[in-house]
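Here's what Swiss-Prot has on this protein:
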type: BINDING; residues: Arg37, Glu38, Asp42, Arg150, Arg151, Gly152, His153, Thr154, Glu174; note: D-ribulose 5-phosphate binding site
type: BINDING; residues: Glu38, His153; note: Mg(2+) 2 binding site
type: BINDING; residues: Glu38; note: Mg(2+) 1 binding site
type: SITE; residues: His136; note: site 'Essential for catalytic activity'
type: SITE; residues: Glu174; note: site 'Essential for catalytic activity'
Amino acid sequence: MSAKESLLTGTFEERVEAALDALRRGHGVLVTDDEDRENEGDLIFAAETLSDSQMAMLIRECSGIVCLCLTDEKVRALGLPMMVENNSSQYQTAFTVSIEASCGVSTGVSAADRVCTIQAAIADDACPSDLCRPGHVFPLRARPGGVLERRGHTEATVDLMRLAGLKPCGVLCEVTNPDGTMARLPQIVDFGRKHDMVVLTVDDLVRYREMKENKSAAA
């Protein structure tokens, strides 16, 4: 067992299954990535069940840059261009232009307004005219192959929603410490205990998908 795994509860399969159950019940989960990557933890909620109080928690306890993870198909359906033509960020984080609901919001920055924007974007019949640009919600485009293609929080979020049987749209924000520094695994685990949230890793999800997909291929 690695030092990282020793801080976590259960096996990778148990952690993923617990996270899927939590998401189905409308609860948040905490996902950390590789220590040699961003080495950060994100608080993640299903977009379709996100409440105003959960959004307020993302704003209060995290960095405040609340992101909406979407599939490539959804990004295209909403007509969202990428934030920049040539992405030179270290981990190729796929930000589109930021968005706001075209109706039902005031300044767009409150918790309720951001939830309104997210609900407008993930609606089954959502179209480009339902959103204004720019805004206070930051969509991220997930790679089609999920965490097996890119080991990022964006892909982990969409994969978790799919595995949970939810819309493949999730909301994330990086957890920060009270002093504004980024929370690392020990602080993420403490945060999870305080708020009764499952903590898992992107690597857990990679292993879980590989296990399930290998079983399906062998059947």
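Cβ coordinates come from backbone N, Cα and C, glycine included.
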Nonlocal residues around His136 (site 'Essential for catalytic activity'), in sequence order (Cβ under 8 Å, 6 or more apart): Val66, Ser98, Glu100, Gly108, Val109, Asp113, Arg114, Thr117
Binding-site residues: Asp42, Glu174 - member with fewest neighbouring CB atoms within 10 Å: Glu174
Position of peak Cβ density within 10 Å, selected from the binding-site residues Arg151, His153: His153
Structural state of Arg151 (D-ribulose 5-phosphate binding site), classified by DSSP into three states: coil
